[in-house]
Amino acid sequence: MANVVVVGSQWGDEGKGKIVDWLSEQADVIVRFQGGHNAGHTLVIDGVSYKLSLLPSGVVRGKLSVIGNGVVVDPHALVSEIERLKEQGVEITPDILRVADNATLILSVHRELDALRENAASKENRIGTTKRGIGPAYEDKVGRRAVRVMDLANLETLPGKIDRMLVHHNALLRGLGEPEISADDLYKELASVAEKILPYMDRSWQILDEARRAGKRILFEGAQGALLDNDHGTYPFVTSSNTVSGQAAAGCGLGPNSIDYVLGITKAYTTRVGEGPFPTEQQNEVGEFLGTRGHEFGVVTGRKRRCGWFDAVIVRQTVCTSGISGIALTKLDVLDGLDEIKICVGYELDGERIDYLPASQGAQARVVPIYETLPGWKETTKGARSWADLPAQAVKYVRHVEELIGAPVALLSTSPERDDTILVQNPFQD
Ligand code: IMP
């Protein structure tokens, strides 16, 4: 029996939704451990499409779903997501949803600050955030002035917590020449939602410890991707949480020995939304082809995603930083019909060949990809359910990817349909 962590191994949007849904059917508990409603994925079950941002995917299947302490929770966004799913016939009650009492709340002040900073930043300094308040909420968490879920349970002590937070924010707003925030308004914003959130509040560490001891299968559902990790990503063009698999433990209150298998969701090419370095980006007809064929538009913001060739250097690095046991390779069918396919196998930096993504912002912007060119295939891979259904060149491409990144393909996804999957190894039965 294994517990599985799912992480994105590029810049997010690798197609985690379908794989997480497939795994959540086999899991007993599904837990989110970082990020917030900046994430977005679409689950298609029996022809019905469900859009999730903050809720763990398990809710759609009626599985116990936990929002861990590492998540930043916008209480109003949570309530509206629950209502939206209820309208689609998904019943969400405290029997299936629990929210960690020590998770940090995202307030309107965070959302406004996120947008204010993004709009004021120059083109070079803009991160391209989702403007959902993620960064400012995490800043308040590590700055030890955040309001947390359990604070909603004690409305008498809430004004003091709000005041402590506003000392910081109002100074900032004054400096930016913006109107200050009233403590009273913030109090009302929180008090109005408290009773809708409190029934779900629980101790995430305890629920998961009990599940673990009872031999239940836990699925840790990562959001974003390893290159958006606050330490290991393309800093400062990253999100404000750790997105690597190690965060799965800290982000819900378990120890690292609760993780048995790390599945890295990996797209057969590369995409990124927002600003920041992207060495294999193709701002040409190849990028257009990939974007159109792959329907590369963001679920949360609707933004067009930047597209480029598969970058084996960054995925190889993620295999290390997330301890990836195997990958789920997605969207191979998007490459169908190309005459040739390129894979980045190394970079040239200031005249020298390197085989890693350097940490510095300047060097990341200067690296020039070194490509290998492979022949494409004319047949379709869409809907393939066994290796025998794949053209020989497509099999060669997949095998080469495995070799370059140093991790095996555990699952190969060949269309958004859940059954269009080639299973090599079930992560839960590792
Ligand atoms: P933030 O997480 O809203 O602060 O945005 C920081 C960066 O992460 C931006 O480049 C976003 O586009 C990116 N980002 C955040 N969430 C996702 C996601 O779920 N998929 C892909 N990119 C994301």
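The backbone N, Cα and C atoms fix where each Cβ goes, and this holds for glycine too.
The DSSP secondary structure for Asp13 (active site, proton acceptor) is coil. As annotated by TrEMBL, active site, proton acceptor applies to Asp13.
In this view, His41 (active site, proton donor) is surrounded by 22 other Cβ atoms within 10 Å of its Cβ, with every protein chain counted. Look at His41 (active site, proton donor): DSSP puts it in a strand. What TrEMBL records for His41 is active site, proton donor.
According to its DSSP assignment, Lys141 (active site) is helical. TrEMBL lists Lys141 with the feature active site.
Annotated GTP binding site per TrEMBL: 12-18, 40-42, Arg305, 331-333, 413-415, in sequence order. Neighbours of Gly40 (IMP binding site), defined as other CB atoms within 10 A of its CB across all chains, total 19.
Cβ neighbour count for Gly15 (GTP binding site) (all protein chains, 10 Å cutoff from its Cβ): 20. Annotation source TrEMBL lists IMP binding site at Asp13, Glu14, Gly15, Lys16, Asn38, Ala39, Gly40, His41, Thr130, Arg144, Gln224, Thr239, Arg303.
Residues or ranges marked as Mg(2+) binding site by TrEMBL: Asp13, Gly40.
If you take the C-beta of Gly302 (substrate binding site) and look for same-chain residues 6 or more apart in sequence within under 8 angstroms, you find none. DSSP assigns Gly302 (substrate binding site) to coil in the three-state reduction, outside any helix or strand. What TrEMBL lists as substrate binding site is Val299, Val300, Thr301, Gly302, Arg303, Lys304, Arg305.
Checking the binding-site residues Gly12, Lys18, Asn38, Gln224, Gly302, Arg305 against ligand 1, the ones with a C-beta less than 6 Å from an atom of that molecule are Gly12, Asn38, Gln224. When the alpha carbons of Lys18 (GTP binding site) and His41 (active site, proton donor) are compared, the span between them is 9 angstrom. Annotation: Leu332 carries the greatest number of neighbouring Cβ atoms among the binding-site residues Val299, Val300, Leu332 [cut-off 10 Å, Cβ to Cβ]. Recorded residues His41 (active site, proton donor) and Leu332 (GTP binding site) have their alpha carbons 19 Å apart, per Cα-Cα distance.
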